[in-house]
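Beneath this line is the structure, given in structure tokens, with notes to follow.
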Amino acid sequence: MFIPSIYLHQQLHYCKTAILNWSRKMALSRQKFTFERLRRFTLPEGKKQTFLWDADVTTLACRATSGAKAFVFQSVYAGKTLRMTIGNINDWKIDDARAEARRLQTLIDTGIDPRIAKAVKIAEAESLQAESRKTKVTFSVAWEDYLQELRTGISAKTKRPYSTRYIADHINLSSRGGESKKRGQGPTSAGPLASLLNLPLSELTPDYIAAWLSTERQNRPTVTAHAYRLLRAFIKWSNYQKKYQGIIPGDLAQDYNVRKMVPVSASKADDCLQKEQLKSWFSAVRSLNNPIASAYLQVLLLTGARREEIASLRWSDVDFKWSSMRIKDKIEGERIIPLTPYVSELLNVLAQSPNSDVNKEGWVFRSNSKSGKIIEPRSAHNRALVLAELPHISLHGLRRSFGTLAEWVEVPTGIVAQIMGHKPSALAEKHYRRRPLDLLRKWHEKIETWILNEAGITIKNNVDMR
């Protein structure tokens with residue numbers, strides 16, 4: 001073994017015993033390696049391993065174990081014996097193994113630990129492979145992981161599981177289309193995000209997104225705006241995932257061209273019930289064959305709640321004794337609102353139905369869906385609108401109608417916002433207004449009474465659902 005003269009005295013003085021012992025071991029069996037000599041070299045009976053040392057390169061040996069024979073490198077680094085496996089003798093030529101042993105000794109002579117050098121090289125190779133794999137990851141692969149996160153995770157904002165409707169929006173807006181429509185004829189259309197599914201994530205640049213927005217906004221601006229918001233949340237999530245981190249270039253939220261192309265998501269001006277339409281609407285909704293859907297739609301209008309908030313109502317959330325309802329709120333977590341007389345009677349009818357599990361943690365508005373609660377009440381609402389000969393009004397339009405119709409009773413804005421679960425918009429509302437339930441009830445009952453009067457409905461002890 002070659003030892004530089006500058007280190008010779010120091011090494012002999014510091015680890016004299018180790019070097020001498022190691023040299024004796026190497027001198028025990030040293031022969032010039034040949035193919036035939038290595039073939040005949042075997043493990044003696046009763047031993048776990050044995051070594052045959054090369055006469056040409058003193059740091060190279062052939063180690064025989066019960067399973068195989070391999071070339072090994074052995075030397076001294078920092079005063080301690082260092083041994084590394086080079087490879088199986090069937091995979092390495094003798095001259096190549098000698099060259100590798102010389103290379104490893106050269107590293108030691110220059111003060112480098114060969115084990116660390118090897119680990120660094122492996123890490124670099126793995127890093128290059130990982131980067132190569134990253135560039136090949138498509139949008140659809142990462143999107144499926146994101147959907148799984150939505151199904152099993154919780155929202156960082158609300159600290160609760162994501163709603164069924166929110167997850168369904170992601171699925172529908174990324175659907176490739178071509179499936180038979182559940183209602184109507186013909187195949188379904190592809191969602192706005194479908195054109196991105198086969199795209200490598202590394203190509204999801206701000207310029208590409210700007211061009212995508214420019215195309216999609218022409219025929220469906222509001223849906224495209226919604227799809228963009230979902231896409232932006234997905235990109236933010238992916239940048240926090242180790243396997244997707246750093247793949248998507250640029251910042252969509254800060255890119256001028258992207259922000260310029262995002263369509264304005266504006267609600268339709270007529271997506272709201274007018275007071276003169278209330279009579280026709282109630283008459284049609286109350287005549288629906290499905291009493292659960294009928295009650296659901298009426299409660300939605302008379303509470304101003306979000307569609308999923310009412311759909312997720314359980315019997316344990318309804319307090320008939322103290323006339324209150326606990327609503328799972330996406331802003332505050334939950335809110336308590338009054339259980340007004342007409343709504344109370346609607347729910348009483350459902351509670352008395354044979355299949356109701358009012359004494360359990362059952363859904364108020366149950367259905368045959370997988371979750372057990374009402375999922376898609378739009379079809380029932382659309383039938384009622386056709387029957388009433390009214391223009392299309394969305395389920396969210398019923399929530400909008402509550403806030404609009406409340407102005408006829410001159411209800412304070414903060415009262416309506418608290419009932420509907422709107423985020424406080426003023427400093428006083430946010431920090432100082434904590435209205436008791438009785439005060440909310442006073443105004444909420446006024447709103448309900450006015451709406452029912454306009455609809456020509458008289459409150460009785462028992463409400464006729466039909």
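The backbone N, Cα and C atoms fix where each Cβ goes, and this holds for glycine too.
Marked as active site by Swiss-Prot on the basis of sequence analysis: ARG306 (among others). A coil conformation is recorded for ARG306 (active site) in the three-state DSSP classification, outside any helix or strand. Packing around ARG306 (active site) is summarised by its Cβ count: 22 other Cβ atoms lie within 10 angstroms of its Cβ, all protein chains included.
Long-range Cβ contacts of LYS328 (active site) within its own chain (separation 6+, distance under 8 Å): ARG160, GLU309, SER312, ASP317, GLU334. Annotation source Swiss-Prot lists active site at LYS328 (among others).
Swiss-Prot lists HIS396 (among others) with the feature active site, giving sequence analysis as the kind of evidence. When Cβ atoms from all protein chains are considered, those within 10 Å of HIS396 (active site) total 14, not counting its own.
The Cβ of ARG399 (active site) lies under 8 Å from the Cβ of LEU300, GLY304, ALA305, ARG306, ARG307, MET420, each of which sits 6+ residues away along the same chain. The feature active site is assigned by Swiss-Prot to ARG399 (among others).
As annotated by Swiss-Prot, active site applies to HIS422 (among others), with the evidence given as sequence analysis. Here the Cβ of HIS422 (active site) has 15 other Cβ atoms within 10 Å, regardless of which shown protein chain they belong to.
Annotated active site, O-(3'-phospho-DNA)-tyrosine intermediate per Swiss-Prot: TYR432, in sequence order, evidence recorded as sequence analysis.
Taking H, G and I as helix, E and B as strand and the rest as coil, DSSP gives the domain 'Core-binding (CB)' (134-239) the counts 64 helix, 6 strand, 36 coil. Sequence annotations record features per position, and here Swiss-Prot assigns domain 'Core-binding (CB)' to 134-239.
The domain 'Tyr recombinase' annotation in Swiss-Prot covers 268-445.
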Integer Å distance between the CA atoms belonging to HIS396 (active site) and HIS422 (active site): 14
Local backbone state of ARG399 (active site), from DSSP in three classes: helix
Confidence summary (mean pLDDT) of the domain 'Core-binding (CB)' (134-239): 89
